[in-house]
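Report on the structure given below.
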Amino acid sequence: MLNIKELTIEKAGEMMKKGELTSVDLVSACLKNIEEKNKELNVFLEVFNDAIEQSKKADEMIKNGKGTELTGIPIAIKDNILITGYVVSSGSKILENYVASYDAFVIKKLKEAGAVLIGRTNMDEFAMGSSTENSAYGPVKNPIDPSRVPGGSSGGSAAAVASGMALGALGSDTGGSIRQPASFCGLVGMKPTYGVVSRSGLTAMSSSLDQIGPFAKTSRDAKIIFDCIVRYDEMDSTSVDFSLSGVGHPIVGCPTPDKKVVGVPRDFLKDGVDIEVLKSFEESLEKLKNKGYEIKDVVMPLLEYSLPVYYIIMPAEVSTNLSRLDGVRYGLRKEGDNIFDSYKKSKSIGFGSETKRRIILGTYVLSHGYYDAYYNKAWKVRRAIIKEYEDIFKEVDFVMTPTAPTAAFKFGEKKNPLQMYLEDIFTVSANIAGIPAISIPSSLSSIGLPIGVQFVGPAFSDESLFAIEKDLGDNK
Ligand code: GLN
């Protein structure tokens, strides 16, 4: 009997290559786990009924010697990534019946590689949240302790991998939505450098911050998914075209730094961080020291402004991006007495409260009279944060912090939105600076909850982040 909870993409791929396992068996085992656990955990909004069909094709590909590292591997897809012919709801009622008319770039790449798309995963509405409690389809439960949240907003994708319903998953990360749920579910989660993975076909939350990235059990597995989706795409105007640089592709196969100096912004770790998270962080530092890493305290006074900057720029972009959901062009429509009444009814019924809060906040900071005071100022601070990182990376290879200030918390525990926003204190700055970051499991808390540690690297150092895990030892 296959134990999907323990099986890696790497191992499953080897087994399939040797003929010891078929994709049909692998996908069937995942479907069985879904059947047994999805009702309770609420991970998948839809399981694709052609999954077995896809796996048969993958088995053919392998048989014909055309297999890749992802051929036949079941991958779960966050419900804000478009797959032709399937509903893509972004966890919202307003898009409940919206069917994608094209494949997102990353989906095209996964299909070309022969991966099996197993289903679309539950998420916070329009990727706004840190617990998946904001989904219009009910919260996802953490497979490690179902009385707790799996993190968010990509909680469904994280829970799918952690519960053996898929071997890997795609999420999107605007302020931490891959790394924080990875940390809560004991997985590796990675946010790439802005522009190296196409956003074409990703339902936009905040366009200058969003990136798609992988979830997996190991860095090696996460890298397999990453390597498949990191390509130039002419359909995304922010996609990085490496061919123009004349140096080929600097990310795939880029060397890892050998001096390995890790910067720790000590001042930033003082307040509000759970004692067990701090302890786990210190243990990880020790492990790295023993592996020959140099650990250096760094002073980054602007990091504390990341969250305020995020909560101005992100809602501004949210209000702009979601304005198209007006009951006319896309999604749910409720007839009113006139066009404005229809807008009002469609949005009032279609959007949940966190989405409404951010649309209102974003409209406010973009409004005449407040634009200079908030939005413009936030962009100035954003540039200063980018510069602070650039300067720090002249001294160190990575900046290391805990991924989140806590381990997985209980449902309803963070009632005040501000408390919830603080969950992203360590993750948002990488999105603000457009640089890559990874969350790696560091240890378990005294009650067995996973804790993660985060490494942030300079732009385009993505591949080197995957190499750190082996120096942290076995943390499961
Ligand atoms: N938790 C953050 C928020 O609510 C980040 C979300 C994300 O990365 N999509 O905005």
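Each Cβ is built from the backbone N, Cα and C atoms, and glycine gets one as well.
Note that TrEMBL annotation is computational and uncurated.
What TrEMBL lists as active site, charge relay system is LYS78 (among others). Counting only residues at least six positions away in the same chain, the Cβ atoms of ARG120, THR121, MET123, SER154, GLY156, SER157, ALA169, LEU170, GLY171, SER172 sit under 8 Å from the Cβ of LYS78 (active site, charge relay system).
Long-range C-beta contacts of SER153 (active site, charge relay system), restricted to its own chain and to partners at least six residues apart, with a cutoff below 8 Å, comprise GLY91, MET123, ASP124, ALA127, MET128, GLY129, SER130, THR132, ASN134, SER172, THR174, SER177, PRO181. Positions annotated as active site, charge relay system by TrEMBL: SER153 (among others).
The DSSP secondary structure for SER177 (active site, acyl-ester intermediate) is coil. Taken from TrEMBL, the feature active site, acyl-ester intermediate covers SER177.
Under the heading domain 'Amidase', TrEMBL lists 25-465.
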Candidates LYS78, SER153, SER177 (active-site residues) with CB under 6 Å from ligand 1, in sequence order, are SER153, SER177
